[in-house]
Each structure stands twice: as C-alpha cells, then as structure tokens.
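> Would you mind keeping the following structure in view while I ask a few things?
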Amino acid sequence: MAMSKIVSLTGLLASASLVAGHGYVSGVVIDGQYYGGYLVDKYAYSDNAPDTIGWTTSATDLGFVDGTGYQSPDIICHKDGAPGALTAEVAAGGKIELQWTEWPESHHGPVLNYLAPCGGECSAVDKTTLEFFKIEAKGLIDGTTPPGQWATDDLISNNNSYTVTIPTSIQEGNYVLRHEIIGLHSAGQKDGAQNYPQCINIKVTGGGDATPAGTAGEALYKDTDAGILFDIYSDLSGGYPIPGPEVFSA
C-alpha cells in the first residue's frame, strides 16, 4: 500500500475514534491536598451535586469545541461553562496537578494553561470579562515519525495527569486556571481541531506585583491559526507552532 494511502487511512481511523470516550479534569492536587472537580458525567444529572472548584458545563457527551465556536463563550470554559462555587488556595510558585479521567491515545495534541484574574470572587465572575494570559504550554515533543509524540502522550504516561507551576511573580488574588487540550487528530481540515477547555478557581497567595496583559477567551484562537489547522500525519520536521498568545515570562 502506498504511503499516502497509509497516512490517509490513519487519519480516517483517528476520526472514527471520536466515538471513543474523552476525558475531563475530575480533580486537582495542590500541596498534597486533593480537590474534587466537576464530574460532568454525574453531577449534570444530579439535583444534589456538591460544590466544587471546577466550573460546571453541559458537555455531558465529553465532547469538544471546534473552530466554529472560537468566537463564542463556549471556548472559554467549555460548553455553557459556569463558575464553580469553591476556590482552592495555592502559593505563587506552587504546583497544581490536574487529574484527567482518561485521554484517548489517538487524540494527539498540545496542552496549554492560562490564568485570568477574577477581580473579586471567581464564583461570581462573568466569564466574558476574563482576560487570559498563558503561563505554560507543551506541544510536539518528537516529530521524527508522524503523527509524533505530543504533550498528550506524556499526560497519558503520567497516569492521565498534568502538572503546572503557578508563576512566582504574579499578584496574589483570585484567578481562573484554564487548562486545555487541543486534539489535532483531525486538524488537517478546517474546523477539525478539537478544544477541551477545563476551568478551576484558585486563589494565589504570596505573589509578586506582575499583572500580565490578557486576551479574552473568544479571541485566543482563529480557525486558520497555524497551530489549529495542522496535519499531524504529514512531515513534522518543521515543528509545531503552539496557538494562542505567547507564554508570559516575568
């Protein structure tokens, strides 16, 4: 079979895997303490769901937001995202381990992390007023052989978890942490990229005086961005341009 046909078949199989279960952030660990997240496949159907630090969402299918939703509020903290009632405290410079329920191996792509100051209690914030600055991102790790090794592969190998460090220089206060996977397994075609944004409320303590400029959630991406419209089954020797704003550095 010709290589082009093999690559096409690989892409087709990856698209078919959409029926496979995606995951979500079920909880986080901060300084040894576990905080439960919003269990969308359970709490969305309950009249007595507990308060959590995780934002609620209507994405009970564990689905995604694609390029057609990049200018809608759904891209901010997933479909119909609404603030969690609780907030977890973390020291500036501290680490947050985000635990996913699962992640499909075929759904290769980057992992990105943003913060947005709430300007008050995050439980009452209007998500459309949030302005996000990127604090960390990982994309293509090894592109020797398509579809390559990606940040999602490392997440899977780390027991479906990802750890992000809060910058030491930012002002203390209440923030929304926007943690996101972008699945690129179908991104060779327009609106094929799949965004899975997950949001939690945190309070940063002991920080510095930095107030990084941010970007509204609906302005983070365009469906034609080089890191959004990207074929992972082609030659990857040129690397991968991580989409969105540049990572904040103090």
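Note: Cβ is positioned from N, Cα and C throughout, glycine not excepted.
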> For the Cu(2+) site that Swiss-Prot assigns to His22, Tyr196, which of His107, His108 is also named?
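Matched candidate out of His107, His108, per Swiss-Prot for Cu(2+) with His22, Tyr196: His107.
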> Which cysteine out of Cys77, Cys122 is the one Swiss-Prot pairs with Cys118 in a disulfide?
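Partner cysteine, according to Swiss-Prot: Cys122.
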> How far is it from Cys77 (disulfide bond) to Gln194 (O2 binding site), counting Cα to Cα, in Å?
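Their Cα atoms are separated by 14 Å.
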> Could you find out if DSSP has His22 (Cu(2+) binding site) as helix, strand or coil?
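Its secondary structure by DSSP: coil.
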> Helix, strand or coil by DSSP: which one applies to Cys199 (disulfide bond)?
strand
> For Cys122 (disulfide bond), identify the closest of the recorded positions His22, Asn159, Gln194, Cys199, judging by Cα separation.
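The answer is Cys199.
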> Ten-angstrom check, please: count other Cβ atoms within 10 Å of the Cβ of Tyr196 (Cu(2+) binding site), all chains counted.
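Other Cβ atoms within 10 Å of Tyr196 (Cu(2+) binding site): 24.
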